[in-house]
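Taken straight from TrEMBL:
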- 1-134: region 'Disordered' (REGION)
- 16-29: compositional bias 'Basic and acidic residues' (COMPBIAS)
- 74-118: compositional bias 'Acidic residues' (COMPBIAS)
- 149-185: region 'Disordered' (REGION)
- 150-161: compositional bias 'Acidic residues' (COMPBIAS)
- 260-549: domain 'SAM-dependent MTase RsmB/NOP-type' (DOMAIN)
- Ser352, Ser353, Ala354, Pro355, Gly356, Gly357, Lys358, Asp376, Asp403, Asp421: S-adenosyl-L-methionine binding site (BINDING)
- Cys478: active site, nucleophile (ACT_SITE)
- 565-574: compositional bias 'Acidic residues' (COMPBIAS)
- 565-584: region 'Disordered' (REGION)
- 575-584: compositional bias 'Polar residues' (COMPBIAS)
Amino acid sequence: MGRKQKSKQGVPPTLEETRGTGKKPEAKVEKKRKPTEETAALQPPKKQIAQEKKSLFEESESEPESNDVKAAGDEFEEADESSELEDEENVDQAQDEFVQGDEAEEESEQDSIFDSDEESRGKPMFSDDSGEEDDLQVANLEAMSRKLDEEAELEEKEAEEELHTNIHPTAPTILPPKEEGGLADGQPMSAFTQDLSQIQLRIQEINRVLNDFKNLCEPGRSRAEYIDQLISDVSVYYGYSKFLTEKLFELFSASEAIEFFESNELPRPVTIRTNTLKTQRRELAQALINRGVNLEPVGKWSKVGLQVFESQVPIGATPEYLAGHYILQAASSFLPVMALAPQPNERILDMSSAPGGKITYVAALQKNTGVIFANDANKARTKALTANIHRLGVRNAIVCNYDGRKFPNDVLGGFDRVMLDAPCSGTGVIYKDQSVKTNKSERDFDTLSHLQRQLLLSAIDSVDADSKTGGYIVYSTCSITVDEDEAVIQYALKKRPNVKLVSTGLEFGREGFVRFREKRFHPSMKLTRRYYPHVHNIDGFFVAKLKKVSDKIPQTVNDVAEAEEEHDIVEEDSVNANSENDSLTFDDEADKAIIEENRRKWLKSKGYKVSKKN
């Protein structure tokens, strides 16, 4: 930099060049060599080599340059001194610019010496005042950062536009084509339900359409078609029978039904109940924490429940468990006992008490006072019931094995309170028994509901309405179907007008159905409580509490009409039977053979050896 372009053949400068610049080449060369030598020691080897190349090249030019200048000097000896002073100032300025030039610019120009002063002035020069190389890097990073931010913003905008495009209220084609001769697009309809990933996506899409059916439905398709397809997909994806899927689907909206089916695939939290006959919850929690158990209270609604998240020791084999300080019990099993609210010194009947979680809770609330009849129809289950009663220190319980329908006539009655956790289909605890998904039929539900109705009537009849502190019946099931819950309570209210529904006293839970599809129930049915796994994170459960107001069963108008109708039918049957008997004769020998054959079969079933018929 700072040097004029020279001819390698030593051509002297023209008159205009001499007048315009007025530079003295010799002085310029000598002045340039000095800063070059001074700065060479401070430069790195690579730059030093480049500088030496420049100096050698300048020396090769100095000889012809000096001769030419001398010849030109003879012709122009009368040059103005003022121009010489200007030349010296220009030379000094050029030398300063050369020395203080940017190192990066020197490296890029080390192979060329043909830059003019005007060109050098047009290029940016970075001195100490204008910043160092670090400033350039920071500026570059800032520029790159801004560029990346702009690109990210652009991508985000495009993604949002694409999302809006995808969720635009259009009519997605998610239903299989309409069936024609059992085929859809030349394939069987069952072919559309084989890929589980596709079924899951279709379930989500149908759910989205049903939530905004007006805008998203396909032309010519009804809501019933979407629901039928959704039920079919849920049945295949979660492994339910078509019958049970439809029965459970009726209880919820489409979105909530999917949540319910999904919750049945996951286990409920492990919970334990503190046995207050032997310890307190705070003491038990501290002891288990010291053993490496991670736990916390079940909720504000229970004062004895603890929820276990993680344990370094088997939770069912700790010294505290063996000592009877707690029992493994589902949180939903607390609810019937809390609704029953037993008082000290009462006579209480639990008609289906195995394996003992609820009855031992009742004993703890009674503080081992009064008498508890712990009944269970299954004799094998009474073994676990007896073991838990002894381990937890219950001393006021009597274990018995009777059919609950025999209370009170054949066994005992006059209880202050009765608790009936009736046998049920288990649709609230499907995660425990996956076989429920496929092995329940309409006949099973009819049989169970009939049994539940009989047990509830026996429970009502077993209660003493004149009890000073009681007269209550609590009915509960671990099922969520209306046939086993509200329908059974409605039947009891109809058959036993001397009872009424009262509040369960439970702080949470959904109200029972007052109307369900075409069925209509008593307005007080809203006092019952329903619990769902996807809502309350406990087992599906139903709890109802009844109060017996009188031991006398009043007859209603309907009952009188039914009784008269039955009486007329009986009389008519008896007249017909008498008329038939007049024309019928019996063969005593044939009857004797039949009776003998039945007797032999009965003896054989009892284990007796029966001789062969002669």
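Quick reminder: no glycine exception, Cβ is built from N, Cα and C everywhere.
Taking the Cα atom of each, Gly356 (S-adenosyl-L-methionine binding site) and the residue listed as 'active site, nucleophile' are about 16 angstrom apart. Considering only the binding-site residues Ser352, Ala354, the Cβ with the fewest other Cβ atoms within 10 Å is that of Ser352. Per-residue confidence over the domain 'SAM-dependent MTase RsmB/NOP-type' (260-549) averages out at a pLDDT of 95.
Working note on the recorded positions Gly356, Lys358, Asp403, Cys478: by count of other C-beta atoms within 10 Å of each C-beta, Gly356 ranks first. Straight-line distance linking the Cα atoms of Ser352 (S-adenosyl-L-methionine binding site) and Cys478 (active site, nucleophile), rounded to a whole number, equals 13 Å. Asp403 (S-adenosyl-L-methionine binding site) sits 20 Å from Cys478 (active site, nucleophile), taking the CA atoms of both as reference points.
In this structure, the CA atom of Lys358 (S-adenosyl-L-methionine binding site) is 14 Å away from the CA atom of Cys478 (active site, nucleophile). Note: the CA-CA distance between the residue listed as 'active site, nucleophile' and Ala354 (S-adenosyl-L-methionine binding site) rounds to 14 Å. Residues Ser352, Ser353, Ala354, Pro355, Gly356, Gly357, Lys358, Asp376, Asp403, Asp421 are listed as the S-adenosyl-L-methionine binders, and the farthest two of them sit 20 Å apart at their Cα atoms.
Assigned with DSSP, the residues of the compositional bias 'Acidic residues' (150-161) fall into helix, strand and coil as follows: 12 helix, 0 strand, 0 coil.
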